[in-house]
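Listed in Swiss-Prot:
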type    : residues                     : note
BINDING : Arg27, Glu90, Lys129, Lys464 : (6S)-5-formyl-5,6,7,8-tetrahydrofolate binding site
DOMAIN  : 222-384                      : domain 'TrmE-type G'
BINDING : 232-237, 251-257, 276-279    : GTP binding site
BINDING : Ser236, Thr257               : Mg(2+) binding site
BINDING : Ser251                       : K(+) binding site
Amino acid sequence: MSKFFERDDDIVALATPFLSSALCVIRSSGASSISKFSKIFSNHSALNSASGNTIHYGYILDSENGCKVDEVVVCLYRAPKSFTGQDAIEVMAHGSVIGIKKIIDLFLKSGFRMAEPGEFTLRAFLAKKIDLTKAEAIHEIIFAKTNKTYSLAVNKLSGALFVKIDAIKKSILNFLSAVSVYLDYEVDDHEISIPFDLILSSKAELKKLINSYKVYEKIDNGVALVLAGSVNAGKSSLFNLFLKKDRSIVSSYPGTTRDYIEASFELDGILFNLFDTAGLRDADNFVERLGIEKSNSLIKEASLVIYVIDVSSNLTKDDFLFIDSNKSNSKILFVLNKIDLKINKSTEEFVRSKVLNSSNLIMISTKNLEGIDILYDKIRALISYERVEIGLDDIIISSNRQMQLLEKAYALILDLLSKIDRQVSYDMLAFDAYEIINCLGEITGEVSSEDVLDNMFKNFCLGK
């Protein structure tokens with residue numbers, strides 16, 4: 001058994017980022033964690049005799065010379081009433097990088113070892129404080145990209161997914177119990193009712209969960225939105241406007257963006273992966289040509305393209321080519337920018353004459369924000385097919401591990417239904433039902449292997 005699964009030793013890790021900040025949290029867990037920590041805490045006698053769920057003020061002391069290292073607040077937990085189910089100490093110290101190093105070094109000198117990524121959550125699972133669906137929900141909460149995915153993860157943390165999987169499992173178990181009675185007591189078919197309807201209802205519930213994974217992928221992956229156009233048309237200004245901060249360099253010099261810049265923003269619960277591309281033009285050198293080739297590739301792969309045109313200037317050769325080639329492309333929104341300047345009528349008239357869908361043409365100014373609200377409304381309309389209406393109480397599958405097990409369980413149910421139709425022996429039905437129950441048990445962690453747990457928890461961040 002690997003060190004990852006040993007629970008007899010005492011572990012420590014920084015639970016907050018290793019950066020300068022107002023505060024940091026250093027957490028520890030283990031049977032001897034309180035007594036070991038008390039050796040480096042100024043109020044050690046009070047700590048050793050304290051009850052669980054208590055807070056203590058004092059100083060971390062250097063174990064060699066007794067000097068004060070930092071002023072801290074200590075949260076003390078006693079088994080089994082802690083996250084890990086073990087005695088545990090959480091130290092809130094000042095967020096000094098130097099101080100953090102000193103404190104953790106003192107922990108290590110006192111007999112602790114550095115925790116592996118995810119080891120605290122693993123100990124919570126092994127102590128049956130949480131199931132695997134809750135463990136994965138913790139990971140999803142930490143790495144949520146949008147408000148929607150965060151809320152869905154919180155719902156799973158409350159146990160909603162476990163309850164759903166457990167209900168399906170109980171239905172299969174009821175079916176298995178009825179079949180087992182038939183096999184064990186050799187009763188006739190008419191003497192016992194086999195609840196075949198439970199298999200059909202379980203199939204429907206599994207299908208809903210499987211479909212929910214596709215919904216989650218759409219929410220989590222986001223919509224690829226590419227800003228394209230000739231040099232100095234205002235793409236970078238629009239990029240910064242979407243982000244509500246400066247990420248792209250904005251200047252009056254044409255061609256400031258040589259490759260592309262990527263960032264994300266959220267609109268109405270939908271994640272947008274935004275790309276500010278190099279201006280389309282005849283490149284003078286190899287590096288610029290590579291950037292423009294990448295821009296063209298991004299345009300082809302995007303869910304939505306905003307082609308920005310400087311309406312105060314003449315159209316470029318690349319503008320003419322792009323407009324003519326994409327005038328009927330429904331995923332491209334043509335934006336005439338710089339309407340705060342004197343409008344070039346020939347540019348405006350040409351674009352209006354070519355773009356077949358006039359609603360796909362918007363006039364804006366990134367300088368005074370005129371037309372920006374109309375642009376947002378048009379983006380909402382164009383990506384309405386990406387919009388997924390999900391209630392915060394809906395149960396969504398977001399883990400590839402869970403998805404694979406659900407698909408396996410679903411395939412087993414289809415096989416079981418086929419055998420029921422063919423009226424195969426009941427012992428074969430019982431075997432398939434047992435396999436489905438085991439498969440569902442793997443989702444919640446009631447059935448699990450060390451290799452699966454090792455791989456899953458090591459994807460967690462350190463200190464969690």
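Cβ coordinates come from backbone N, Cα and C, glycine included.
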Practice item. Have a look at the binding-site residues (Asn232, Ser236) and report the one with the fewest Cβ neighbours inside 10 Å. Key: Asn232
**Study point:** Arg27 ((6S)-5-formyl-5,6,7,8-tetrahydrofolate binding site) versus Asn232 (GTP binding site) - Cα distance in angstrom
**Key:** 51
Practice item. For Glu90 ((6S)-5-formyl-5,6,7,8-tetrahydrofolate binding site), name the DSSP secondary structure in the helix/strand/coil scheme. Key: strand
Practice item. Note down the number of other Cβ atoms within 10 Å of the Cβ of Glu90 ((6S)-5-formyl-5,6,7,8-tetrahydrofolate binding site), including every protein chain shown. Key: 18
Point to revise | Cβ neighbours of Arg27 ((6S)-5-formyl-5,6,7,8-tetrahydrofolate binding site) where a neighbour is any other Cβ within 10 Å | key: 23
Review point. Between Arg27 ((6S)-5-formyl-5,6,7,8-tetrahydrofolate binding site) and Lys235 (GTP binding site), what is the CA-CA distance rounded to a whole number of Å?
Key: 46
Review point. Which of the three DSSP states, helix, strand or coil, fits Arg27 ((6S)-5-formyl-5,6,7,8-tetrahydrofolate binding site)?
Key: strand
Check your understanding: Taking the binding-site residues one at a time (Lys129, Lys235), which has its Cβ surrounded by the most other Cβ atoms within 10 Å?
Key -> Lys235
**Study point:** Length of the line joining the Cα atoms of Ser236 (Mg(2+) binding site) and Glu90 ((6S)-5-formyl-5,6,7,8-tetrahydrofolate binding site), in Å
**Key:** 45
Check your understanding: In Å, rounded, how far does the Cα of Lys129 ((6S)-5-formyl-5,6,7,8-tetrahydrofolate binding site) sit from the Cα of Lys235 (GTP binding site)?
Key -> 51
Exercise for review: Check Ser236 (Mg(2+) binding site) against DSSP and tell me helix, strand or coil, would you?
Suggested key: helix
Exercise for review: Taking only the Cα atoms, work out how far Glu90 ((6S)-5-formyl-5,6,7,8-tetrahydrofolate binding site) lies from Lys235 (GTP binding site), in Å, as a whole number.
Suggested key: 48
